[in-house]
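Structure, as structure tokens:
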């Protein structure tokens with residue numbers, strides 16, 4: 001009985017598969033789907049409006065600000081890093097993160113559950129996976145700004161900063 005209750009817990013720990021092609025929530029009822037969405041409902045300009053970073057700026061595109069992602073089990077982000085900027089240690093409790101270096105040079109790394117650091121300096125076009133629940137960071141060691149695009153395998157990846165997450169409680 002204990003074994004089966006453990007399996008039930010595991011089965012509820014990820015985004016569910018959608019039961020329909022899409023479900024854009026209505027304004028009035030977040031749990032109801034629009035009956036006739038328009039093509040513009042499937043487009044967002046949120047990531048194109050990222051301000052130039054003084055240090056760093058991150059923007060997450062999720063079902064909260066792009067309703068078309070509802071039930072899709074994914075989200076997307078953009079981080080802009082100024083020269084010498086660091087996105088401090090953090091982790092995503094509900095998602096792995098796949099990063100793509102669009103511009104500049106970025107050192108990215110994560111620490112696994114054996115306390116081993118996996119760090120790499122990435123160039124434009126490089127891709128790196130940051131596993132779910134692993135502390136990770138990004139740093140711009142270059143001489144110009146850097147832009148990182150990130151995809152998450154959850155519509156609500158969550159973010160826990162290492163300092164407040166560990167010491168704030």
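Here the Cβ of each residue, glycine as well, is placed from N, Cα and C on the backbone.
Listed in TrEMBL:
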SIGNAL    1-16  signal peptide
DISULFID  23-33  disulfide bond
DOMAIN    45-168  domain 'Cupin type-1'
BINDING   90, 92, 97, 136  Mn(2+) binding site
BINDING   92, 97  oxalate binding site
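Computed over the domain 'Cupin type-1' (45-168), the whole-number mean pLDDT of the model equals 92. Close to the recorded Mn(2+) site, the chain also has 91, 95, 110, 130, 134, 135, 157, 159: residues not among 90, 92, 97, 136 whose Cβ is within 8 Å of the site's Cβ mean position.
One residue stands out among the disulfide-bonded residues 23, 33 for having the most other Cβ atoms within 10 Å of its Cβ: 23. Within 10 Å of the C-beta of residue 136 (Mn(2+) binding site) there are 23 other C-beta atoms, taking all protein chains into account. The distance from the Cα of residue 23 (disulfide bond) to the Cα of residue 97 (Mn(2+) binding site) comes to 24 Å. Across the structure, residue 92 (Mn(2+) binding site) and residue 33 (disulfide bond) place their CA atoms 28 angstrom apart. Cα-Cα distance from residue 97 (Mn(2+) binding site) to residue 33 (disulfide bond): 28 Å (rounded to the nearest whole number).
Taking the Cα atom of each, residue 33 (disulfide bond) and residue 136 (Mn(2+) binding site) are about 36 angstrom apart. In this structure, of the binding-site residues 90, 92, the smallest number of CB atoms within 10 A of the CB marks 90.
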